[in-house]
């Protein structure tokens, strides 16, 4: 059997029980915790025949790096999707697909926040390069608040090649750049779209930028010149959602 990993936090563990219960092998609860959220977890665990035990908080503190909220689960390792799965995802898409690409985002908290935002905005998947990128870890899952168990994270060997293949399938690539002439709100995002966010400070890599069909910038009205990448991602994805929702209305 593959070595188990520990996932922690109420939202992350609850999402696993709801979407991938077979991966959950055992749940640990902090001694004395019996609030409504924990009772929900206990009920879900019982439905899926997952065993539950108790542990001291200081013992749980030693298991994980982060705020575990008194909930830790032993789970089978997850698999990050590969490039070959993109075609399957696109074939299953019921409307114009919306994909998010994170080019060089290495901070686990930013990745977790972007996964959460991407799921909330209806993105089909999040794509990252295999090198120079954060990947799924317990910390990422905790920040994602369950979204990491729902939205596929696709790691690709050659991002430029992946973008070319997606363009051949009819998707438009929209990259974000502070010096772009067109503002985000002027760009049509209602069709099959890929939104690319670069690393903070560095932006997109040169080859990634060269594969963009459009470049857009976020208008800034204050004294700061940029936003945290997870915040900027939320602005872009929810503008796409706003445009798509408006287009669907009669």
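Glycine is treated like the rest: Cβ placed from N, Cα and C.
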Of the candidates 189, 227, 237, the one that Swiss-Prot places in the S-adenosyl-L-methionine site of 198, 218: 227
218, 227 as binding-site residues, winner by CB count within 10 A: 218
Recorded S-adenosyl-L-methionine site residues 198, 218, 227, farthest C-alpha pair in Å: 13
Neighbouring C-beta atoms (10 Å sphere around the C-beta of residue 198 (S-adenosyl-L-methionine binding site)): 22
Helix, strand or coil at residue 218 (S-adenosyl-L-methionine binding site) [DSSP, three-state]: coil
